[in-house]
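Undergrad: There's a structure below that I have some questions on.
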Amino acid sequence: MNALAATNRNFRQAARILGLDSKIEKSLLIPFREIKVECTIPKDDGTLVSYVGFRVQHDNARGPMKGGIRYHPEVDPDEVNALAQLMTWKTAVADIPYGGAKGGIGCNPKDLSVSELERLTRVFTQKIHDLIGVNTDVPAPDMGTNAQTMAWILDEYSKFHGHSPAIVTGKPIDLGGSLGREAATGRGVVYATEALLAEYGKHVKDLTFAIQGFGNVGAWAGKLIHERGGKVVAVSDITGAIKNSNGIDIPALLSHKEKTGKLIDFAGADVMNSDELLTHECDVLIPCALGGVLNRENADNVKAKFIIEAANHPTDPDADEILSKKGVVILPDIYANAGGVTVSYFEWVQNIQGFMWDEEKVNRELKKYMTRAFHNLKGMCHSHNCNLRMGAFTLGVNRVARATQLRGWEA
């Protein structure tokens, strides 16, 4: 089941639990606006090439729409739609005053030079500048984009609208980016994990962890788990997978990866089959990579007692059912990986106020938001006698539905 179908299914289930009126249910599902633009640029050799850019603005009942821009060959309207909708529920779960959006350009950034990427980003911004805005829609980096991409968007947008640092988040620090933003998603994952484990009287320091995906999110989560005394026993990324039942020295692994660009050949662990990481012996499994990695084929063999969804949609609905029957506790993506958008919100607030925070304050506020959101989510689980995924969806959908009704939009 693809991400859009799974998201719609979870939404409909939440709407049923909440007893939403069919009119409001329908209005919440339909995106506010879908944008599709042609971006033609000269390549370095002088030839012209065209790419298709998308921006789906899903909902703005609770505030400006918010979401990443990805550069990837397989960017398609369905996926962008699903991710925009997920952002609507995610921002509501975290209780930050945003709606959801998502965007992308169907291209392979590896095939483009830096100057070609800059031209493409600027043309895309020119095409959508009057449809995004500090109080309308605030983009951020995603797959294939980074702080530099945001710097180009900020500069191009500012040519039309004057200096507007709050137009994007995930910017370089020198242009108004927030301290703590780079670590935010991984740090939020760890705060979310601590909140969940506390419910079961457990602590990070007493448990073993397997991390699938050792990019920005997985590396930060691993580093912070290691600092708290947790034992990371297996790690994988696109270059391979490694294991050590006594625990991997994460700082040493990070410096090895920085030097060599890969996980394997690390002296402090043995090589393992990447496919086996998800079913490796551990207490807590943290998928930080792609969607749909836990499915009907492998769910039965998962040994972890807790799954923390740091990636978007890593567990498909079939796997969800199998794992729930086994008694595995799944902390859903729309809460577990909300640390990134929460610190993006802090960045936006700092830019609007023109007053920047120190990193300690950013991390303190992030912990407060993640912990409070977990207790609100648990409250919905108790009220509606449902699992954590439905607790998160009912919390998010209920907040957006109430804002929509209060604004009188369903009339």
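Cβ atoms are placed via backbone N, Cα and C, with glycine included.
Keep in mind that TrEMBL annotations are predicted by a computer and have not been checked by a curator.
Straight out of TrEMBL:
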ACT_SITE  Lys102  active site, proton donor
BINDING   Lys66, Lys90, Ser344  substrate binding site
BINDING   Thr185, Asn216  NAD(+) binding site
SITE      Asp142  site 'Important for catalysis'
Undergrad: Taking only the recorded positions Lys66, Lys90, Lys102, Ser344, which one has a CA atom nearest to the CA atom of Thr185 (NAD(+) binding site)?
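TA: So, of the listed recorded positions, the one sitting closest to Thr185 (NAD(+) binding site) is Ser344.
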Undergrad: Other than Lys66, Lys90, Ser344, which residues of the same chain sit close to substrate? List them in sequence order, counting a residue when its Cβ is within 8 Å of the Cβ centroid of the site.
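TA: The surrounding set, listed in chain order, is Gly67, Met87, Thr91, Ala94, Ile96, Tyr98, Gly100, Ala140, Ala338, Gly340, Val341, Thr342, Tyr345.
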Undergrad: Out of the recorded positions listed (Lys102, Asp142, Asn216), which are within 10 Å of Lys66 (substrate binding site), Cα to Cα?
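TA: Passing the 10 Å Cα cut: Lys102.
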Undergrad: List, in sequence order, the same-chain residues at least six positions removed whose CB sits under 8 Å from that of Ser344 (substrate binding site)?
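TA: Set apart from Ser344 (substrate binding site) by at least 6 residues yet with Cβ under 8 Å, we have Lys66, Val138, Ala140, Thr169, Gly170, Ser178, Arg181, Ala184.
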Undergrad: Tell me which residues of the chain lie with their Cβ under 8 angstroms from that of the residue listed as 'active site, proton donor', as long as they are six or more apart in sequence?
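TA: Listed in sequence order: Arg55, Val56, His58, Gly67, Gly68, Ile69, Arg70, Val80, Asn81, Leu83, Ala84, Met87, Asp142.
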Undergrad: Report, as a single number, how many Cβ atoms besides its own are within 10 Å of the Cβ of Lys66 (substrate binding site).
TA: 29
Undergrad: From the Cα of Asn216 (NAD(+) binding site) across to the Cα of Lys90 (substrate binding site), what is the distance in angstrom?
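TA: Cα of Lys90 (substrate binding site) to Cα of Asn216 (NAD(+) binding site) measures 20 Å after rounding.
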Undergrad: Radius 10 Å, atoms counted are CB only; among the binding-site residues Thr185, Asn216, which position scores highest?
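TA: Of Thr185, Asn216, the one with the most crowded Cβ is Thr185.
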